[in-house]
Structures are given as structure tokens and as C-alpha cells.
């Protein structure tokens with residue numbers, strides 16, 4: 001793919017990435033025109049989509065009152081952070097990528113790296129804050145309702161930015177090597193070994209471990225609650241089939257006087273009658289009978305089931321109830337499996353996207369400073385790894401907002417409003 005790659009030469013520059021640079025990569029500042037055009041179109045499209053997607057999420061939360069809750073405040077803050085990445089960081093990163101050299105000066109380079117590390121770290125830590133909020137909500141739903149306040153969300157958001165500052169500021173205060181500023185055509189983050197470990201573990205590896213633990217526990221808790229619901233429903237059905245008591249046997253007439261219409265116990269209401277907790281036969285002078293059966297279920301209301309019966313034999317054998325219970329239990333099992341599969345799919349998308357976008361970059365970012373002289377990073381591969389990390393700011397609003405029906409409805413309202421204005 002020669003047209004997509006810079007023309008190779010003898011000079012070496014650093015492969016630019018979300019944290020400034022990954023390390024040494026072979027290439028020169030003179031690049032092919034086709035590479036510049038195609039790269040500009042691709043990166044311009046990515047930046048435009050990232051800005052538009054995150055701006056729509058912020059607008060939806062600001063305009064739609066039903067979306068203004070603590071959980072969505074975290075998603076909105078994530079969208080603001082990714083919007084900052086898209087507006088403040090990606091344009092300079094794209095210019096660096098297209099020209100294959102840094103042309104904006106050392107002061108702008110320091111500012112670019114600081115903003116890059118700050119915003120990308122805060123974006124990653126927002127994902128941890130969302131995972132932590134969901135973990136508390138599903139494992140302690142009763143108490144957390146009162147604890148889930150805007151102040152708590154503000155504290156989590158402030159913590160993500162504080163950690164981002166603590167990771168981005170040290171290189172500006174001198175935690176770097178002399179070689180970091182030796183090449184005026186390169187804009188590199190500190191290659192100091194201590195800072196490399198500090199920044200990569202603080203910005204990615206520790207948050208990754210935390211997210212894996214939290215979402216693992218969320219999955220176990222969700223699966224336990226789903227299966228507990230199914231078992232509870234099955235237990236109710238079993239209790240209803242076995243919990244049968246004989247009906248009372250009143251001998252008085254309805255109005256308390258002899259000769260009136262009697263209520264007598266029907267034989268089908270005895271203990272042998274399945275699902276019947278009480279049964280009585282109303283017998284008139286003409287010999288016609290009507291049995292009224294009350295079916296009691298734990299935690300539900302009574303069901304009055306009038307059944308026409310013959311005068312001599314009135315069985316209580318509602319086999320259709322048993323079949324209905326079995327069908328209901330089977331339907332609930334299928335629904336539980338579907339919910340469990342959906343939970344696995346959702347958590348898989350969240351963690352899979354995060355790992356796919358960031359793990360390759362942070363592996364290279366951790367390894368390259370320790371083997372700078374012997375390791376080689378091809379220019380094209382370095383660019384793909386770098387922009388894979390940046391693309392997480394485009395995918396976050398899709399995962400956390402656009403799959404949500406409430407957000408979808410808000411987006412439709414925004415679009416319809418625009419159409420109305422055009423008319």
C-alpha cells in the first residue's frame with residue numbers, strides 16, 4: 001500500500017500517538033501527495049464524526065429532561081471529554097500525521113502532549129467511573145438509590161480529571177530525558193523509564209484491571225438475579241400445584257333459613273383436587289349446579305373460575321392450569337436466557353471495544369522506551385495503533401448512548417426539530 005504510506009528514507013522520526021509519540025519509526029518529512037490526500041480525508045472524516053457524535057450526546061442530555069439523571073451525567077461528562085479530544089487534540093495530531101513532522105514549535109508541542117495525555121486519560125477513567133456506578137447500582141440497588149446523587153457524580157468526574165492532571169503535568173515540570181527535545185521535527189512524550197511506567201499504569205493498566213473486576217462482578221450479580229427470578233417463579237408454580245386444602249362444608253342456606261338454596265362442598269374441592277384451595281357447589285331447586293373454585297397463589301390475587309358442572313359429579317381437575325404454568329415457566333426461562341445473553345453481549349461490546357482500541361497502543365508505549373535501540377516500529381503500523389486509540393472517542397458515544405432507547409428518542413426529537421426549522 002505505497003500510496004497510503006510516507007515515502008521511506010534515511011531519517012528517523014517518532015511515530016505520533018495519543019500520548020505524543022510511541023517511539024522511533026523510519027520515515028522522512030517528505031511524503032507522497034497521495035498519502036497526504038487520502039490520510040487527510042480519512043482522519044478528517046473520523047474527527048468530524050467524533051465531534052458530531054459527542055456533541056449530539058451532550059445536546060440530548062441538555063435538552064431532554066428524562067435523560068437528566070446521575071447515570072447519564074457520567075455519560076454526558078464522558079461525551080464532553082471525548083469532544084475535547086476531538087476538538088483540541090485530534091486536529092494537531094492529524095496535521096502531524098499528514099505532514100509526518102512537527103511544524104508548530106516546541107511550546108505548542110508541550111501543550112499538545114499535555115492536552116493529549118490529560119484528555120485521553122480522563123476519557124479512560126470516565127469509563128471506570130461509569131463501571132463503578134453500574135456496579136453499585138446492581139449490587140446495592142436499595143441503598144444506592146439514596147447515595148446516587150449529582151454530588152457523587154461530580155466527585156467521580158472531578159477524580160477522573162485530577163488523576164489526568166497528575167499524569168499529564170510531570171513532563172512539563174522536568175520529568176523527561178534530554179533526548180525528548182533533541183529533534184525539532186518530532187513531538188515526543190517523555191521517554192523516562194520511571195514516567196513511562198507511572199503514566200501507562202495510571203492511565204490504562206490499573207483502570208483496565210478495575211474495569212475487568214467490576215464488569216465481571218456486574219455480570220455475576222446480573223446472572224444471579226435473573227436465575228433467582230426464574231427459580232422463584234418455578235417455586236410458585238410448584239407450590240400452587242401441591243398446596244391444596246379441603247374446602248369448608250357449610251350446611252346452612254344462603255339466607256340462613258331452611259328450604260333456601262344451599263352451598264355444599266363439591267367432591268372436586270377435596271385435597272386430591274389439584275390447584276384448588278376452596279371449592280363449593282351452589283345447587284338450586286331444579287338440580288342444576290355451578291362450581292366456583294378459588295385458586296390461591298403465593299403473592300397473587302384470587303382467581304374466581306366458574307365451571308358448569310353436572311349435579312352428581314363435579315370434578316376439580318383443571319389440567320389446563322398445570323399446562324399454563326409449565327408454559328409460563330418455560331417462557332420465563334427463555335426470557336432469562338435472552339436477558340443473560342444480552343448482558344454478556346453488552347459487557348462484551350464495552351470491554352472488547354475498550355481493549356481493542358487501547359491495549360495495542362499501551363503495550364507499545366510501555367515496551368518501546370525500554371528497547372529503543374533494538375525495537376523497530378513500522379510507520380504504517382504505528383499510525384494504525386495510534387489512531388485506533390483515538391477512535392475510542394468516536395466509539396464511546398455509540399456504545400454508551402446510541403444503543404440506549406431513551407437517547408435514540410432524544411436524537412429523533414433533535415433531528416425533527418432541525419427539519420421543522422428548515423421548512
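The first residue you see is number 1, and the count goes up from there.
Cβ coordinates come from backbone N, Cα and C, glycine included.
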- One of 352, 389 listed by Swiss-Prot as binding 1D-myo-inositol 4-phosphate at the site of 345, 346, 403, 404, 405: 352
- Message: Going by the topological domains annotated in Swiss-Prot, do residue 35 and residue 223 sit on the same side of the membrane?
- Response: no
- Taking the Cβ of residue 120 (serotonin binding site) as the centre, count every other Cβ atom within 10 Å, in any protein chain shown. 29
- Message: Under 8 angstroms for C-beta pairs, at least 3 of them, ignoring pairs fewer than 6 apart in sequence. Is the transmembrane segment (194-216) in contact with the transmembrane segment (108-132) by that rule?
- Response: yes
- Message: Spatially, which candidate from the recorded positions 109, 116, 120, 187 is nearest to residue 346 (1D-myo-inositol 4-phosphate binding site), comparing Cα atoms?
- Response: 120
- Message: If I restrict to non-local contacts, at least six residues apart, and a C-beta distance under 8 angstroms, what lies near residue 352 (1D-myo-inositol 4-phosphate binding site) in its own chain?
- Response: none
- Task: Consider the recorded positions 109, 116, 120, 187 and say which one has the Cα lying nearest the Cα of residue 404 (1D-myo-inositol 4-phosphate binding site).
- Result: 120
- Would you please pick out, from the binding-site residues 345, 405, the one with the fewest other Cβ atoms within 10 Å of its Cβ? 405
- Message: Rank aside, I only need the closest one: which of the recorded positions 109, 116, 120, 187 has its C-alpha nearest to that of residue 405 (1D-myo-inositol 4-phosphate binding site)?
- Response: 120
